[in-house]
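Undergrad: The structure is given below, and queries will be raised subsequently.
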């Protein structure tokens, strides 16, 4: 699909891949003339803007040259890391000269753009190429077999790759190898190609076609394979592209015969080796797969030949072609629609003519219509197959913070037998699309930090493009200056100096500056308020200054006067004054329309009378400024704001600025702004922003600005945020208000702004601008994402934890062990027989296992009645027993010098329910070492402290204190008849030699077979001391939370008959209550035959030999077991909950199991069925690895391929894939399941299922 077009007969060169934006340089082509027959030459640079739908390319610069060019390339030499316009333009001239240009100077308009030039060659320079490994090396070819290697760092003297080839001939094309930096190839029109080794300074191989009709017009190396190259022929008798492999240089590896006439140029894509461009004399531009010869794409061109074609280095889907009709066209191989382009051309043509009447018909021209028959050709199809850069496994995804995560299929040979799979790189890039937006945001942040608000506002005033923008920033600037109200008045056009001059002229005075100065001082000192005394003083000063000749009160020595008491108005006034009736006197004066006398008498009558008189005066007065005087005198500023004509909004705002009190100033400005918004036209609506700035109302300013301005682009939002931030700072400094409170609209805009900053990678700035005191879900979510992106915790939120970390422990209870981790996961509820075992790994500590009787022990001590509540996040299973008897608090005793007689309480342990077993003596043979948690019916049952070892031996946890013996009212069971312990082991461990005996009368239900381990479900059981069967390579796993250290196999040997009951505790009375029924329950034993010390163990065991203090964990062959396993029953194993297989790999298990079942249903041979049963069991190892996700991606991919072959019943293909996996992967990864899988595939193939 054609994207752009340039009307030039020129050679072309794309800017390097590092350069952004993309440029295309053109130089006037030699030996060609355009339609104007101009002999001038030029070098131009165009910018590729794919966002512009037009065909035109923007010309960035033009340089008039005295040379015409046969070849033009743009090398990345001295390219800076920022990707600015740089590099070197290298041109091959028609007179044997090579010229180096600086493209950055050409774009800048500099006249000195030539870096260097040499005319070393004989004849025109038709071949040029830059070494991609050493970009300072340039190869050039010309006539007489001349090949030179130029060093751009030392351009004076070139090098030669070796002696000239004989006979001398022209060099039509030259190319550096794409994999080996010292290999160079050249070709001539005679059809011969020569490969040079610069280390040896000689040709190493020559390639030529035996037909002697091969005229080379193009040469290109394979982008990935160092020994392969293609040659193009321009001979019409042999219009082919030959692909050669230098390892088999006797004949071409492949020949592409897709052109009907000679080929003029070729270009091999560096991004996809399966894309080879070629253009020929048949006016076709083809994109072919050189490996298969298939034509993947044919570009829609005209009937003109193309003599040069090139891929864009930065955008691999874009290419350019220069044709003999004087045009350079830019195409895309990804296809698209040309409807928009056609419509744009039609609109352009219509706009040129408009609706004029060029033919004098008196009728306007109808709109130009697009021919309907061309609509079916409006869609240009892309390549037949996706190119490599968008082909799997390649992908890209944007993540939060403007990050672009990409991955690609990196070529490389897998290492045989390597322990680690080959790593595939994932690239994380920061995408910045709004550079101006980021720059202005950073400037705003700097201003806020440096407090340089006045200078910032002044810069904005100077840079303002409109008067309104200038006024807004002027009003914002005034907030940070002294006498802000006076400055506001000046901005509204009311300068006091100008007013004083006008008043002086009106009073025939010469200088009015004194009047203005005194007015200014009066307003500044009063701050909008005037007392009657101040008014009188001002009036007296005015009278004195004007030096009035008349006196209101003549002195007594001025003569006598007559006091009239006649019946007229004057007499009545006189009588009222003589009797002190000022109200009547004032009414008479008003009745006689003597307003001045009424006001003067009202002043003498007091403030109340004066106010009544003023109202009556204003009611009768009908002058133009009566309402203004009324508002000023009555201090009714709201009247001015609500009733004035909106055309006089400046005057109303000036009155408010002059007279309003500070507590009502903001409200009046808001009221005026609201009137301008609701009642005014579009021009007046924008002026409301000035009122809101004076009021300091940020929320109203945001609403008004949003209505008046277009906020659809980031820079418009930046304009608003700048004003909002500056105004908030001004309000914070001048009005001392809480600016942290934001409204819904402002919060939305700040959230949008923070989102934009985050999208550009400015996470810290986005978090700084995000409002803090809002609970809007979008803002809370954004704040959480920003904090997580910075690796910080969310303010005001604590991470949810189910462990006890940071929670205070109940008094009397032990804390966690020092130096041992605490597990934060609460155990899942499972079912076991009713024997309570203290887990070794809990939510508090890692401890030695301790077996407890089934009845509940006493609750943990607490200083408060009812016990301490469980910490937050703790999950309580079952019902709480509130009336558990509490023993005395424990206290620290001797540090491991003797075993503790009673368990140390562990409060708030999650309890779980056990089921009782019946009949038979089931043997406990766990595959994994587990221990059940406490009983569900006693959720407050404390954990038991670890039992110390024998005297004289160190405890395994030296940080664990032992408690002193205390009395307890809890019932005590009798001694056991035999030692009871757990037998621990790995997979296939031998069973325990002893188990717990159930109390008489206890009934229950045995666990289901599905809940038992495999060792209890299938096959005969081994003896207790047989060696374990190693069925797979063991690997070290993380200990589970309920892990219990092993009880040594010597337990029944060292203590075959059990321990006698201590005499000191036999006579203790049992407590009343339901627990007395458990008195006959046997006492469990600990490791090494040691009985449980928590309830019935004596205070010390001094007679134990030292050799028994450290249990022996190795079994004694042939040791007698006696009657130790009679009348006892062991605990069933814990049902181990396995992680689910990931959904994407669940198909593997389904497919394999289904295949085994099909084979079992078809098999008749018992031996075959045994193999399949064994395979079904051994494939569990594969499923475990899938759950743990420990298999390499290569093996996973191969297993899915095998599953697909099973679905299609192509077992031979599955066996082939199986062989490939085994031969290319690590043996230790596949040895456990791949042989079994091969057996299943072989049996399926044999049975034909």
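Glycine too: its Cβ is placed from the backbone N, Cα and C atoms.
Owing to the predicted nature of the structure, the values given are computational and were not obtained by experimental measurement.
As listed in Swiss-Prot for this protein:
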type     : residues  : note
REGION   : 161-470   : region 'Interaction with SEC13'
REPEAT   : 301-342   : repeat 'WD 7'
REPEAT   : 397-429   : repeat 'WD 8'
MOD_RES  : 423       : asymmetric dimethylarginine
CROSSLNK : 647       : ubiquitin cross-link
REGION   : 790-829   : region 'Disordered'
REGION   : 800-1142  : region 'Interaction with PDCD6'
REGION   : 842-940   : region 'Disordered'
MOTIF    : 873-879   : motif 'ALG-2-binding site motif-2 (ABS-2),'
REGION   : 954-1123  : region 'Disordered'
COMPBIAS : 961-970   : compositional bias 'Low complexity'
COMPBIAS : 991-1007  : compositional bias 'Low complexity'
COMPBIAS : 1056-1074 : compositional bias 'Low complexity'
CROSSLNK : 1246      : ubiquitin cross-link
Undergrad: At a 10 Å cut-off from the C-beta of residue 647 (ubiquitin cross-link), count the other C-beta atoms across all protein chains.
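TA: Total other Cβ atoms inside 10 Å, all chains included: 9.
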Undergrad: Take the repeat 'WD 7' (301-342) and find every residue of the same chain, 6 or more past its ends, with a Cβ under 8 Å from one of its Cβ atoms.
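TA: Cβ under 8 Å, 6 or more out: 1-17, 19-20, 22, 24, 26, 29, 32, 34-35, 48, 53-55, 57, 264-267, 269-272, 275, 277-281, 283-285, 287, 370, 374-375, 378-383, 387, 389.
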Undergrad: Tell me, how many other CB atoms lie within 10 A of the CB of the residue listed as 'asymmetric dimethylarginine', whichever protein chain they belong to?
TA: 8
Undergrad: Per DSSP, what is the residue count of the repeat 'WD 7' (301-342) in each of helix, strand and coil?
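TA: Helix, strand, coil within the repeat 'WD 7' (301-342): 4 helix, 19 strand, 19 coil.
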Undergrad: Express the distance between the Cα positions of residue 1246 (ubiquitin cross-link) and the residue listed as 'asymmetric dimethylarginine' as a whole number of Å.
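TA: Per the Cα atoms, residue 1246 (ubiquitin cross-link) and the residue listed as 'asymmetric dimethylarginine' stand 39 Å apart.
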Undergrad: To the nearest whole angstrom, state the Cα distance for the pair residue 647 (ubiquitin cross-link) and the residue listed as 'asymmetric dimethylarginine'.
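TA: So the alpha carbons of residue 647 (ubiquitin cross-link) and the residue listed as 'asymmetric dimethylarginine' sit roughly 73 Å from each other.
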Undergrad: For a quick check of packing: other C-beta atoms within 10 Å of the C-beta of residue 1246 (ubiquitin cross-link), how many?
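TA: Result for residue 1246 (ubiquitin cross-link): 13 neighbouring Cβ atoms inside 10 Å.
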Undergrad: Give the three-state DSSP assignment (helix, strand or coil) for residue 647 (ubiquitin cross-link).
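TA: Assignment for residue 647 (ubiquitin cross-link) reads helix.
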Undergrad: Which secondary structure state does DSSP assign to residue 423 (asymmetric dimethylarginine), in the simple three-class scheme?
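TA: DSSP call for residue 423 (asymmetric dimethylarginine): coil, neither helix nor strand.
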